[in-house]
Amino acid sequence: LWTIHPDCAIISEHLRAREICSQTRRSEAQNQTEHSGCKTEWDDIGCWLRAEIGQVVNVSCSEVFQHFSSNQGFVYRNCTADGWSEMYPPYEEACAFSDDSEPESETSYLSTFRQVYTVGYATSLISLITAIVVFTAFRKFRCTRNYIHINLFSSFVLRASAVFIKDTVLFADETLDHCSVSTTACKSAVAFFQFSILANYFWLLVEGMYLQTLLALTFVSQRKYFWWYILIGWGLPSTVLILWVLTRFFFDNKGCWDDTDKVGIWWIIKGPITASLLVNIVIFINVIRILVQKLKSSAMAGNNDTGHFMRLAKSTLFLIPLFGMHYTVFAFLPENTGVAARLYIELGLGSFQGFVVALLYCFMNGEVQTELRRWLWKCHNQNHLTPAKQSITQITIRARGGLGRPPSSGNISSV
């Protein structure tokens, strides 16, 4: 779950490293009254840990500039009786990293991600809105299963919209230091973004619960559970968001609320999401188990092992985006773990999830394709028939279905 913007995340990493270095230094000061050697020191770029006199300490370039420099060089310092020596070689020489190249490297790195997730969310937004229109326009698709799909699609629409709103509010003016700005507008944008994320995860959970109930309770009507699904999908995210907003307002009202520095407050959001993923993992495994049993029975009857495994693989691939299983890769790890990979998966792949779900569960659905073909055929005939032929066609249809009675003029209308 990547909520903080990439460039602010990198700054946040830098600040977190400085804070850890400061905490280490304070801990050393409290635990040692007499200290020989060199104390832990922050040089505004990297942290030099405590060393004894005569010891040589190094800092890796890959740790300091992990996003902007692939150089594996080191910067060294000696611990002397007079304290730390000067760094040799300097950062810009050892790491092939100068002040002139930093803005260009950073801009290129972050611009790529922004373009990827902008295209992804735009594609998802268009396909999801189209899918919602299809499910609501045709009476045949009005059932509990599709109502749940519509709500899931709506949560993806909110998520994509929230990303665009947040980027517009926080990052429209490049001259501002958007990592430290604090306005009601940007806080509202981040709060709406968090709500959309929560709603999206809980509707993924509802999809899992519905499928589980459908498989386990075959003869039970699903309509009576629908309002419970609504309560879980929209009610629980609203409750969690209100609690988070109040906590941030009274205890951590700084910036635009898009940081994760206070772990306890952040877990108000991350905790329910992690719990929903855990439940969905259990449901996913159980659904696959039920599918295996059913397909084994059909395979034994038809003696077609290859078809059995192909159907199982297809079913599994269909369920992965519906259950949000790809989010489990980083769900249980600290926020600063695997930052680069997290960006690729959560911003890159995650932005296309709405498109994949709309494609699999609407546009590739056999019933939807049949209904759309019937509608297109009807529109095609209406456009090509003249008014006289339309009247004749209508009269012929009514005569065949009306036991030979001639229709009155009031009943004649275009097809």
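Positions of Cβ are set from backbone N, Cα and C atoms, glycine also.
According to TrEMBL, the feature domain 'G-protein coupled receptors family 2 profile 1' maps to 20-99. For 113-365, the entry in TrEMBL reads domain 'G-protein coupled receptors family 2 profile 2'. The feature transmembrane segment is assigned by TrEMBL to 116-135, 147-165, 201-219, 226-246, 266-292, 312-333, 339-364.
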Across the domain 'G-protein coupled receptors family 2 profile 1' (20-99), the model's average pLDDT, rounded to a whole number, is 75
Given pairs 6 or more apart, does the transmembrane segment (201-219) have at least three Cβ pairs under 8 Å with the transmembrane segment (266-292)?
-> yes
Would you kindly check 116-135, 147-165, 226-246, 266-292 and say which stretch has the most C-beta pairs under 8 angstroms to the transmembrane segment (339-364)?
-> 116-135
